[in-house]
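Below you'll find the structure, written out as structure tokens, and then a few comments.
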Amino acid sequence: MTDSGDLCPHLDSIGEVTKEELIQKSKGTCQSCGVGGPNLWACLQCDCPYVGCGESYSDHSTIHAQAKKHNLTVNLTTFRVWCYVCEREVFLEPKPVTPVSSAHRCKPHDQDPVSQTTCYPLKAVPIAVADEEGSESEEDELKPRGLTGMKNIGNSCYMNAALQALSNCPPLTQFFQDCSGLVRTDKKPALCKSYQKLISELWHKKRPSYVVPTTLFHGIKLVNPMFRGYAQQDTQEFLRCLMDQLHEELKEPLFDCSGGISEVEPDLSLDSCNLVDGDRSPSEDEFLSCDSGSGSERGDGERAGGEAELLIQDECVAVRGTGGISEKERLKERRGEERTREMDEDADVDTAAQDGQAERETETATPATAVPAPGNTEPDNEASMHCPSSRPCSPAHSVQELHSRLSSNPPRSSPLRTGPTYTFKKAQMLLSTKKKKQSRFRSVISDIFDGSILSLVQCLTCDRVSTTVETFQDLSLPIPGKEDLAKLHSSIHQSAPVKAGVCTDGYAAQGWISYIMDSIRRFVVSCIPSWFWGPMVTLEDCLAAFFAADELKGDNMYSCERCKKLRNGVKYCKVLRLPEILCIHLKRFRHEVMYSFKINSHVSFPLEGLDLKPFLAKESPSQITTYDLLSVICHHGTAGSGHYIAYCQNVINGQWYEFDDQYVTEVHETVVQNAEAYVLFYRKSSEESVRERQRVVALANLKEPSLLQFYISREWLNKFNTFTEPGPITNHTFLCQHGGIPPTKYHYVDDLVVILPQNVWEYLYNRFGGGPAVNHLYVCAICQVEIETLAKRRKLEIDTFIKLNKEFQAEEAPTVILCISMQWFREWENFVKGKDNEPPGPIDNSKIAVMKGGHIQLKQGADYGQISEETWQYLLSIYGGGPEIAVRQTISPPDTDTHGERKIEAETRAL
């Protein structure tokens, strides 16, 4: 409860006012300028009926208060009370809030945090680093934060709902709050900085009523032109684009156990359990491969006065911000403030991998996509019709090589494709020795959201099994119909796999008449409530449909390498590694040739205890398989128009809230369970991880004197605080491969490390392994020399190129002009300008060359540049490669025709 000393002394000036009166006033306008709501302010002075606008307009409420000496005012949207004299929010009636069956407007000041925590305990409340400054009382910390709305800035509800759902994912939010020193990038538009600022505003202790995410909105438009303008977009496509860009800006090279930078491994085997993570960098191709590993994710703690101290507490106090916005609070601020790879010797991959390997290795930026259901490759929403994108690879870690894995991109279907058409060919990607060395990368995004699926295709003639591992960031699940449910339930009872193309037969090839009739039937059915025409569909049914076996026959026959011809086959998949946060996307949108429609079937989903063990591969290293719901995004409307909202569970008090743009409303959990889910976020749950953190807290509180103090990665410690499976300690977030501090990180190393007492370090090291142990921080001299050498090399190469190119431009008629691939040249340019730390591989002109008549010629429409012969020879001497392609060559002068001269001379002699 609020201490008596904290009560505002001006509360006596309030007259009698009821909630009904305030609601009635909220429907009015400002009495000075006539502007309407939201966020009008009503004067609470006795017998004063004044209603004025807030700071978002002319702030007539403040002008009225200063002129009339009226101290208290209430926001008619959030019902929060502000005192102008005390310059702070005040609380009228602190009392517990009991669960209600209907939604009511959220009033954080009316909630007793103690009773809330008691009545609604979280299943897994992680421990987080405490606020060292102690600026907030324990009671204030337990009051819910994060209940801040977002203003709709032009059909932006799809963005607002997605951001609110992400904001209520504690591992991600706490990273941006507590590991702000790691949010550094020189990549435009620096979306991670915009997102970090937004998170700090949403979770600020001053609890603003709403914010305007303008900066992030502009940034996402720069990343993907699809979001420009003010048309309604798909929230799932926005999520993929945002998270992919955050990964690109925050990714770091992954170090292997020996301390070196981990690179692409050409020979990997599933049997050895040496599964390697994929780099999440995106690609334009369908089934491309890349590698990445996992690393540590977050750390926390502070260094203060040289004392070794580990401050940890419940997660409910972990989410805090550094900047404030909103209306009356500003008065107070004026005073202060994956590689797809063969897993057996005969493993196959999609032929798209051959053409796309170079693009994957240069990490072209494209939004990520979800793993498609084996039996359903139809586009699932509007955005997928316009912006087909590929799946990036990503990492994960564990003590027994838990974090190693193969990864690849799943096939992305054509909009008019009615079934999976897989064309497999022998993998060739790793056979070329001329490729640039590729480091593997990880980021907080890949650590939290990336999982992997083991896909197997079996030839039914020779029984050969081809195995691949696909990295996913979200699972796009089909919604089975009545017939599909019958097949699924039948297969469950019979303990046999479904081989009938679950959820796809209804969309298979058919005649025009039957196609039109079936389309009309499905359109009519989609307009009827699901309870009228179909059985209850559960999320487990959707998962079963996704993982059901799919026959490859007819037009979708499997090209078997052993048989050397098309054969009937069967494809099925299992989860190889579960992500910390599982994002599930229900495919509610269908796009036919002539129209689009939405599947309005209600899909029931559990708030707690979603178990994925039935869908886990036997090779999976994942130990924890149960999930609890964090947030759910809902779409109301049709395929052509509608509105997005989000339901999220507040991590502080365990209550559920509806986020509808700038309005935040507390709701009962039954409202959430009855929602028409579109995107769901589930988090791994484990009581053991909570007890693990409690043991560390107890060790830290012992304050045993120790002769040695250990530095640990702030990122990994934060990961320990928020993950159920944090993996081995990884101190290479602040160490180089030589064991020192990279010169580029030394000036902000305090933001990257936390000092632990010896007993805490020993417990964590014995429990999780990893390392290395660090007792002293020093700048790495080897890295310093390498940086200086690299700088000299860059300067020499760019100066020489500029000199040779000037000479080339000065030539009026150069005898020889050679071509160079602009793709390779851009890589080289990024290297010499310092944008890329790794030099490019050998010159690769293969994509701009074509063989004609036994001679290499320039391919028509190729992306190339023209350079002089001297420039070509200079670059060739450094990087090698080829082939040489000339657009103008030296023409030898023709032999002089002396026959005519001799004839004239002979005739002259004859005369």
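All positions are counted from 1 along the displayed chain.
Including glycine, each Cβ sits where the backbone N, Cα and C put it.
The Zn(2+) 2 binding site feature in Swiss-Prot is assigned to C30, C33, C53, H60. Among the features that Swiss-Prot reports, region 'Disordered' is placed at 279-309, 327-420. What Swiss-Prot records for 297-306, 327-342 is compositional bias 'Basic and acidic residues'. Among the features that Swiss-Prot reports, compositional bias 'Low complexity' is placed at 364-374, 405-417. For 687-780, the entry in Swiss-Prot reads domain 'DUSP 1', with the evidence type sequence analysis.
On the structure: features taken from Swiss-Prot.
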residue : record                : DSSP (3 states)
C30     : Zn(2+) 2 binding site : coil
C53     : Zn(2+) 2 binding site : coil
H60     : Zn(2+) 2 binding site : helix
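For the domain 'DUSP 1' (687-780), the model gives a mean pLDDT of 90. When the domain 'DUSP 1' (687-780) is classified with DSSP, helix, strand and coil residues number 45 helix, 16 strand, 33 coil.
Annotated Zn(2+) 2 site C30, C33, C53, H60; additional same-chain residues within 8 Å of its Cβ mean position, judged by their own Cβ, are T29, Q31, S32, G34, V35, L40, G52, Y57, S58, D59, S61. All protein chains included, C53 (Zn(2+) 2 binding site) registers 24 other Cβ atoms within 10 Å of its own Cβ. Between the listed binding-site residues, namely C30, C33, the fewest other CB atoms within 10 angstroms of a CB are found at C33. The Cβ of H60 (Zn(2+) 2 binding site) lies under 8 Å from the Cβ of C30, Q31, S32, C33, G52, C53, each on the same chain and at least six residues away in sequence.
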